[in-house]
Amino acid sequence: MARAVGIDLGTTNSVVSVLEGGEPTVITNAEGARTTPSVVAFAKNGEVLVGEVAKRQAVTNVDRTIRSVKRHMGTDWKIDLDGKSFNPQQMSAFILQKLKRDAESYLGEKVTDAVITVPAYFNDSERQATKEAGEIAGLNVLRIVNEPTAAALAYGLDKDDQTILVFDLGGGTFDVSLLEIGDGVVEVKATNGDNHLGGDDWDQRVVDYLVKQFANGHGVDLSKDKMALQRLREAAEKAKIELSSSTETTINLPYITASAEGPLHLDEKLTRSQFQQLTADLLDRCKTPFHNVIKDAGIQLSEIDHVVLVGGSTRMPAVAELVKELTGGQEANKGVNPDEVVAIGASLQAGVLKGEVKDVLLLDVTPLSLGIETKGGIMTKLIERNTTIPTKRSEIFTTAEDNQPSVQIQVYQGEREIAAYNKKLGMFELTGLPPAPRGVPQIEVAFDIDANGIMHVAAKDLGTGKEQKMTVTGGSSLPKDEVNRMREEAEKYAEEDHARREAAESRNQGEQLVYQTEKFLKDNEDKVPADVKTEVETAVGELKEKLKGEDSAEIRTATEKVAAVSQKLGQAMYANAQAEGAAPGADAPGDAQAKADDDVVDAEIVDDEKDTKGGAA
């Protein structure tokens with residue numbers, strides 16, 4: 001059986017690992033290194049260079065060297081070279097092809113199956129793009145796995161009942177995840193992150209600082225010189241790495257550029273303290289995702305058994321100190337190599353999928369809630385955020401109008417209670433509903449998220465069996481900044497949303513009661529005394545009038561009045577029945593009806609018993 005590899009496709013570096021005798025091994029590349037730079041270059045003769053060789057020639061071939069392509073995954077970014085257009089999937093595929101070749105050379109056999117990792121906060125389009133890159137590279141992508149989850153899998157395989165915090169700061173992305181490990185099960189409890197925060201940003205701050213210092217000293221703007229900028233980037237990365245182990249470094253770049261007076265040289269000292277001041281706000285951006293994860297998981301800091309640092313950027317002393325401070329003084333686990341742990345976890349997951357690793361179950365999560373818009377503009381969640389995937393959830397909804405021929409299913413992603421404030425992923429219509437009173441049709445809406453985090457939605461009329469489906473793909477997933485904005489807004493406007501939801505529910509209850517009471521009066525016209533009928537009709541008329549306005553308190557009061565006077569209908573019916581010596585007749589709204597009305601909320605989701613509750617239109 002062909003072996004499957006685990007690939008950590010990183011922003012700055014990539015790693016490939018394989019199981020040998022059940023133990024994960026990091027594969028050494030053709031250059032003798034265990035990590036491969038995620039750099040692609042096109043030589044002047046048209047040859048495609050990947051990895052260390054591409055990185056080495058970058059200064060003299062700036063325009064034809066592409067790095068950090070992971071930051072463009074899932075976007076419409078393109079680069080034109082030699083009359084050809086390349087997208088991020090193709091660029092990533094060049095890197096994956098090299099990793100595939102190195103693995104084949106090491107193993108002495110063909111490699112086709114792979115598990116590829118992505119940041120936990122990658123959205124649908126970014127995951128799709130990663131999968132496509134693997135396919136372009138000739139790989140059969142068995143699974144897309146979240147990086148922190150893979151790290152925990154690598155770390156926690158032989159551990160019992162522990163809670164692990166994974167702090168993953170790579171070259172271009174940042175994730176925090178909280179996982180529980182026990183009895184061979186690795187379960188993600190919560191995850192959060194920032195897809196545009198990583199070591200590249202720290203490098204850029206040093207580049208900006210050097211450009212400013214050089215402009216002040218020589219009056220020349222190096223940011224306009226592509227070749228000089230490339231040298232600055234490499235020097236900044238080197239300085240950052242040196243400052244992790246020493247308190248001061250010198251950046252010396254002779255012949256960086258030239259002026260009318262002749263060649264100019266850059267010679268700058270940079271202390272660790274200066275570096276930390278330049279990047280203090282980047283460090284601050286790591287705090288919010290951390291706090292969100294602790295809050296979402298609903299645990300105390302004292303309950304965290306181990307802290308695992310992942311990604312080369314966690315080697316920066318300021319980052320390690322921040323993690324220690326955030327976790328209440330806990331020392332991070334030093335038993336894992338932050339550069340390799342994700343690939344090791346990916347190879348273990350590949351082993352699980354191929355049946356080589358037994359008794360391990362990996363339970364990943366979806367980072368945002370998913371639902372549909374229901375009557376009153378409410379967001380009715382079918383799948384809550386941090387739900388384990390793969391998952392399938394279905395609920396029964398109904399129509400809001402008599403003889404409604406179709407229902408619109410509008411799919412949203414986010415945490416706000418009002419649908420319009422969330423991210424709309426798409427919509428479709430279920431048509432051809434047979435004529436029926438409102439509340440009668442039963443429409444089953446099903447959400448299905450597969451193990452790769454890709455979503456499918458279906459709506460089915462249980463009466464006719466008609467079904468409509470939709471797959472959420474491409475650019476429909478959420479960008480990182482939208483996710484963060486939604487989370488912050490959800491907390492900020494929680495009270496306002498709650499009030500709006502209550503108002504919508506009050507209106508729905510009022511409309512439902514008007515409909516039921518009028519129908520009852522019509523069906524039992526000859527059995528209701530005139531005075532009772534007049535009193536009920538007056539109360540219903542008042543409620544209808546209030547429903548034209550926006551005052552939810554008045555609507556609630558009028559609804560309660562109708563519920564109270566409608567009890568007289570039941571009393572009158574039973575009195576008539578007893579007078580005639582007959583058994584009680586038709587059901588009256590009465591207490592039972594009023595109570596039912598309290599339960600009937602058009603936007604509410606329903607249990608597996610298939611009770612009809614919400615209006616889906």
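In case you wondered, yes, glycine gets a Cβ from its N, Cα and C as well.
Feature region 'Disordered', per Swiss-Prot, maps to range 489-512 of the set 465-488, 489-512. Swiss-Prot assigns the feature region 'Disordered' to residues 579-617, out of the candidate ranges 33-71, 540-578, 579-617. Long-range C-beta contacts of THR173 (phosphothreonine), restricted to its own chain and to partners at least six residues apart, with a cutoff below 8 Å, comprise THR11, LYS70, PRO119, TYR121, PHE122, GLU147, GLY193, ASP194, ASN195, HIS196, LEU197, GLY198.
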